[in-house]
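**Student:** Dropping the structure in here first, questions after.
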């Protein structure tokens, strides 16, 4: 069996008297899309923040490519190749695509005693990377604000991939998107997976998860209800596990279909 | 941002695969969505207007032109700092008080205490930078709006300045700086003039007028104008061409998103507060050396004039968007109109009416431009 890119074992996280996570385990293999499902308040956010170095776990351990690791800051996690794309904080709308893409890591060239941004390189790389993801920009100086929500997610994803992410954590990338845009983002996830990058896809939409997921982990009230392989589980079962089952099933009967 | 648009070799191969739903943007519309647009139009308008009404008043003769150039340069020096700070997402309302403070520091150290003027100037800069740092540090640490923090400093600094002036000299105006500055090596960098020879030659050729004593009506470019030009060019390059400039945009655009990708937002903002204080001190020093005196009430309302220049120049009050060139043009409009109304013989109180109107127009235009950029409805 291949070594997981990242493995989290029995992660517990307490905030004062609140137990946000009570022993969650999850691993991400190269080239897989691991879906993390859970209703609001299930602990998804706390868990990915632990994975991306924002929170230190109270108990449990994190292994990066088999080695035990402690992340002191998001910077540590980034350097270990763990990149997180947040739903709405990924991009700055007033800035150009190029400026967003390179933000924090601008390529520089020396002109006399000064260092300026190498816009030729920055622009051409941006166009190239975006084209790989199937987005053809009018021009790299176009403001991100002119892009659709799905395209913005894609810029953020291709940025993470270009800068060497091994594990890509996507925080509800599809929750605010329309049907067409969602399928674009799911297609992007598929492309990223082909490169051997492990994807952690957080969502509460079972259908989106079933579309691209290889493995599924459901979080409910800070606990994991186990990890299932693709084909071992149906969408209805996932839905039930997420919602705690019964009430929703009753509701489904009343409504005459699946919720 | 538009600078990158000027040359992008990569866009041509993409033509074929273009998304049919993306409308072609006309060059006119593209030119429209520059932050400086409003200021460029305003500048043209203002010059056309005054060429029409005040041509014979001497406004466009050499000495008349120098008159509004100097006034514009004063606004521009302050506007560069205020512009970069506003793009980084913050305000500084203590600029005016900082001008009074720095001036009094130079006068007290050099005249009352008898230090060499260069030491006084360096002390003023050191104190101003420290205060700028403190402004920024408090804004970052407390998380309060910079509006409130710097409003507090507006009062604190003004009060301290008047107190220090009265406590040391029992006056609020301290003179004698010019005499103290005789032969000083640093003072001419702020109070001197350059290109004297050029103007003498121009006068000999009869291109510009001569005074009765044979000197040209304009005997050089004041250092304040040179400072303004240097600050504008340096500020523009810093903002549009460097990594730090990108961080300025990012810090003002969305500080949290910038932090997530490793931009040192706090450092950027504090540096911009220090730059604003630096610009205020440049202004104060030029004024003190030129007038030969410092007054504790100097710089009143300058913070608002700087902010107005910046807004006319197309910067958004919410940060993340703007242009140093625009702010400089805003300062030019400001200076030309203020002096032009005087040349045209218009009642000077109307200047404020004009200012209010143009400010309102600029903000409305900016809001519209932002909608075009971000595609919001």
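Glycine too: its Cβ is placed from the backbone N, Cα and C atoms.
All TrEMBL annotations are machine predictions without curation.
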**Student:** Which range is it, out of B:121-140, B:241-260, that shows up in TrEMBL as transmembrane segment?
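**Tutor:** Matching range for transmembrane segment: B:121-140.
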**Student:** Assess whether the transmembrane segment (B:304-337) lies in contact with the transmembrane segment (B:349-369), where contact requires at least three Cβ pairs under 8 Å among residues 6 or more apart in sequence.
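**Tutor:** Since 3 or more Cβ pairs under 8 Å link them, the transmembrane segment (B:304-337) and the transmembrane segment (B:349-369) do come into contact.
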**Student:** Test the contact criterion for the transmembrane segment (B:220-239) and the transmembrane segment (B:66-88): 3 or more CB pairs under 8 Å, pairs 6 or more apart in sequence, then answer yes or no.
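**Tutor:** Judged by the Cβ rule, the two regions touch, with the required three close pairs present.
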